[in-house]
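Taken from TrEMBL as is:
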{"type": "DOMAIN", "residues": "129-255", "note": "domain 'Palmitoyltransferase DHHC'"}
{"type": "TRANSMEM", "residues": "43-68", "note": "transmembrane segment"}
{"type": "TRANSMEM", "residues": "74-92", "note": "transmembrane segment"}
{"type": "TRANSMEM", "residues": "172-195", "note": "transmembrane segment"}
{"type": "TRANSMEM", "residues": "215-236", "note": "transmembrane segment"}
Amino acid sequence: TMQSSGHRFRDVEHHPLLADNDTYDSSSSEADMAERVWFIRDGCGMVCAIMTWLLVVYADFVVTFVMLLPSKDFWYSVINGVLFNCLAVLALSSHLRTMLTDPGAVPKGNATKEYMDNLQLKPGEVIYKCPKCCSIKPERAHHCSICKRCIRKMDHHCPWVNNCVGERNQRFFVLFTMYIALISAHALILCGFQFFSCVRGQWTECSDFSPPVTVILMIFLCLEGFLFLTFTAVMFGTQIHSICNDETEIERLKSEKPTWERRLRWEGMKSVFGGQPSLLWINPFAGFRIRRLLLRAKKGGPEFSV
């Protein structure tokens, strides 16, 4: 512990006293950071994110070209094709927004004398500094060793979205898990109908591909669908449970006693998804501004904030 400007300053990881709504307001401001594209340059995370997209594209290929287009039932193909592709677009859009949204990072190096003087702390008041990124830790923030930042209300770091799940992008992560679970279930149902149709009729007529290729493609899709459905459904349920209990996964695993006033279940949902229940809750495009992206492009392209 060292004395500075009449208050105590500690290099510790847990139980910070700084409120969530206190923000860094120096030359490296939040407004300046908002003009940058958030992206984590982590090799493992980027590989996992690319694999996620490739697996969704593979599922879309099998569903569209192996099962639906060869079908003789026009409306069956159209309805299922539109539904599956819409869910796939929503899933990948949610993935992009989770990956490219600042999860609630605390600015690096804001533990300066000038900033602490601006906080107008009372003499003897204790504030907490993260020794890894030299930032003053808000309450419920945790340091991520991959993002190399302290993240507000950090739930966990997910390599599949190459980002932390935190205060600002948890909604998009929940939507991502929900839509992946839905398209996985839809793919499994379509595979069941296709196998039944091929067994009843002729394998050479139920697909434009040869029977061995058709079987291999569909078996791999079934395995993929089952694994993704299991994983994302469990993750979706875990996230909703955490939101309703106003408790992150890290806080639950560490059995941290809440120093904050917990929100009621419905208040927690409204806090994460924004406002009263509406279709905007399940819309990953809500709040997306194309105009801001165009302005960034005119300024010379996106910058990496991490």
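Each Cβ is built from the backbone N, Cα and C atoms, and glycine gets one as well.
What TrEMBL says about a protein is an automatic prediction, not a curated fact.
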Integer mean pLDDT for the domain 'Palmitoyltransferase DHHC' (129-255): 90
Three-state composition of the domain 'Palmitoyltransferase DHHC' (129-255), taking helix and strand from DSSP: 71 helix, 19 strand, 37 coil
